[in-house]
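A.B. asks: Annotations for this protein, taken from TrEMBL, read as follows:
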type	residues	note
DOMAIN	A:4-78	domain 'Glycine transporter'
TRANSMEM	A:6-22	transmembrane segment
TRANSMEM	A:29-50	transmembrane segment
TRANSMEM	A:62-81	transmembrane segment
DOMAIN	A:90-162	domain 'Glycine transporter'
TRANSMEM	A:110-135	transmembrane segment
TRANSMEM	A:147-165	transmembrane segment
TRANSMEM	A:171-190	transmembrane segment
Amino acid sequence: MFYIIDILGTIAFAISGVLVALNKRMDAFGILIIAFVTAVGGGTLRDILIGETPVSWMKDMTFIYVVIASTIFAVVFRSKIDYLRKSLFLFDTIGIGLYTVVGVEKGISAGLHPIICIFLGTMSACFGGVIRDILCNEIPVIFRKEVYATACILGGATYFLVIKLPIASNFVFVIAGAVVITVRLIAVKFKISLPSLYKD
Amino acid sequence: MFYIIDILGTIAFAISGVLVALNKRMDAFGILIIAFVTAVGGGTLRDILIGETPVSWMKDMTFIYVVIASTIFAVVFRSKIDYLRKSLFLFDTIGIGLYTVVGVEKGISAGLHPIICIFLGTMSACFGGVIRDILCNEIPVIFRKEVYATACILGGATYFLVIKLPIASNFVFVIAGAVVITVRLIAVKFKISLPSLYKD
Amino acid sequence: MFYIIDILGTIAFAISGVLVALNKRMDAFGILIIAFVTAVGGGTLRDILIGETPVSWMKDMTFIYVVIASTIFAVVFRSKIDYLRKSLFLFDTIGIGLYTVVGVEKGISAGLHPIICIFLGTMSACFGGVIRDILCNEIPVIFRKEVYATACILGGATYFLVIKLPIASNFVFVIAGAVVITVRLIAVKFKISLPSLYKD
């Protein structure tokens, strides 16, 4: 079940990478690398920081195949991808919910402080997009206008609140992930964003 | 004592990150991440390269709290931060002195060659700012006009000259750090910078 | 023999870094760092991802000295470097051939899947240039127009085809490297590049 969600998230992340790379007029190799980095970059950075190497995508080929297939699909149907925008947004949102909780749990296994765990969860979910934007020579979009990281932080915090209750750990996982997804959906629906704090 | 210097350095680095992020019109999350990366990025890269993971800020929450507090402070008082410019410059300069020597000593513990140790010290002190500038889509400022890295390199080299003398290791630490600080202060006071070597 | 090729490759990579950095009007320190990162960045990223730390250039000072000497040479003779363009192109091409196969073999020693090994080889050869371009605030050139990575991928794939034949492992190394070099030379000679796939 979680595995399927993980794959859906990977598809959404990879396609978002393809779309950005196409706009930057990259060649086939560049597009594939950007798709790949967007999909696995956050988890890779997390694994490197906690010292879990070789990093996880080196040990399970499924994600490599999913990224390659998604990239080919997105390039072939690039003029029709707009029709999928809603599904992709949904996959992406479910994906960050899952990635956040997986990151939090990896931090807990490594014996780290809850705040660090929340940070690791947020990084797993968001930093693929950050690396994508850096490689494409843009200021990362999540630093400017999306309630993306905030949703992950709230979901991670929920994890540590809920885990003290007498409920099964699978439920904790689902509840924390649901918080991420709900916050993100609400923020996008009502166009809520963080203020820029820039002084004019 | 060193711990207090370390915290002052972290404050100065975090605030420099906030100021750059504000200018780029980032939102609250982006500002916090840039502050954090500026403060801990150099040491993190050093720890990853020598394989000391989980990286050091994951094991001592003090720095996380200092970064968060500094960020809130800098955002709230952003219109008044100019009055602090001199203190911040001083904290920052003391901070790179300390970070350089800490980096050199980490390299020595890992059994590395003196040149590599000097490199690690310089990286600890300077690469937080490099990552900050990359995330903000700028060419890193230290590659262009500041005698910043040069001060660190001279301080690191001093460490290896002085350590052969019959003096206490605490003194070696202080002397090397003082060289970094002095070189930087003199360079800024007399507006000395490295030539750009660009051929017109 | 391989060691000499490795050094020639390092020289070519370092000089390519110096030329980009000079164009960006960096100072002496910036130029040295860009030269260094271009020369060792790909291998460093590979070592970090598979967890082989301290990374390899920390353990063999030769490459540090080669980078420093190449940088000084390139800066001093910067107005004459055009005469060397052909030799540099040749060194660079031989260098990526070698780096690719070394990367593939490191992946095999780490027990990784052939596709991951090919990826590691390509990364060893190409990502020094990617990091150089990011630090210089450019979209990495290999994502846009060079048949650079493709040559590495084909060479890496050749390695796994040829290794099943009953020939000495040294020959496998040479054949795979030669494929990288040949593909790159042919692509440049006949101005072959990957299509950009951008929809107008």
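Counting begins at 1 with the first residue displayed.
Here the Cβ of each residue, glycine as well, is placed from N, Cα and C on the backbone.
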A.B. asks: Using Cβ atoms and a strict cutoff of less than 8 Å, what residues sit near the transmembrane segment (A:62-81) while being 6 or more residues removed from its termini?
C.D. replies: 7, 10-11, 14-15, 17-19, 22, 28, 31-32, 35-36, 39-40, 88
A.B. asks: Which value does the mean pLDDT take for the domain 'Glycine transporter' (A:4-78) in this predicted structure?
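C.D. replies: Average per-residue pLDDT within the domain 'Glycine transporter' (A:4-78): 86.
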A.B. asks: Quick check on the domain 'Glycine transporter' (A:4-78): DSSP residue counts for helix, strand, coil, in that order please.
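C.D. replies: When I sort the residues of the domain 'Glycine transporter' (A:4-78) into the three classes, I find 62 helix, 0 strand, 13 coil.
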A.B. asks: Let's see if you can do this one: DSSP helix, strand and coil counts over the domain 'Glycine transporter' (A:90-162), in that order.
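C.D. replies: Across the domain 'Glycine transporter' (A:90-162), DSSP assigns the residues as follows: 59 helix, 0 strand, 14 coil.
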